[in-house]
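Chemist: Please see the structure below; I have some questions.
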């Protein structure tokens, strides 16, 4: 018995010295743990943190979301504007605050992903889950009391008052700055327009003189024609001979007027004929003098537009003058 006990002790010493593998029981236990970890990796959230890690409080009417940054393990507050800010903007601010955040998403309590375009006001109406990297936070926003109709009316009055104060403080500066810009634009346009105006005045004087000279030539020719017909009728020939001549002269004049209508698509009216002839001389002279009519017209349109904008800017209603002064000016 003593020898058997010694041999058993020697065998155990040799086994421990040789570093043999552990017993089968721990192997089974390690296999079970690995199986459990694999099952966890297939889940949507690896860790579910209690709801007190992310809190929402209202300060000065704005919700303040407080959460723990995963990298620095610091509490950070994010004030959002629920009527303007979106879920995507909030998550972007969170990732910007902690560069170690790779993934940040928002899910509903049933596991549906919330779109980045959703307004924070809509998100804060119900509970949701905030996923940061591999950690999911269960968030329960505080319930806000619904505004009564009287309180809502007071809020609208306050908004209107703030708007009027903003207009009263900034509109005048905006009008002064805009008026200065329009005046500078007008001065620049008029400087460019001045040489063109001088050249245009000379061309118009020349075209008007030629048009007037042509009208006087036409009057002289008609007077000469009437005098020649009278001389031939009473001193050279008789009316019986000159009557067919005057008829064909009249018919020829009618044909000339009709040809003018066919070519110009306008009636032969003396004011229209004068204007047409004036434009003919004007454009021919402009081409000879290298006067750019298109550039001149464009500058005139810009000047008219700037003057109209300046006139509308200086309207009494925009300057908030009293009604009595507006009536006196009208």
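Think of each number as a place in line: the chain as shown, counted from 1.
Glycine residues also receive a Cβ, built from the backbone N, Cα and C atoms like all the rest.
Copied straight from TrEMBL:
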type     : residues : note
DOMAIN   : 97-299   : domain 'Calcium uniporter protein C-terminal'
TRANSMEM : 214-233  : transmembrane segment
TRANSMEM : 245-263  : transmembrane segment
Chemist: For the transmembrane segment (214-233), give me same-chain residues lying six or more residues beyond its boundaries with a C-beta closer than 8 angstroms to one of its C-beta atoms, as numbers and ranges.
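Modeler: Those are 239, 242, 245-246, 249, 274, 277, in sequence order.
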Chemist: Restricting attention to the domain 'Calcium uniporter protein C-terminal' (97-299), give the mean pLDDT.
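Modeler: The predicted confidence over the domain 'Calcium uniporter protein C-terminal' (97-299), as a mean pLDDT, is 84.
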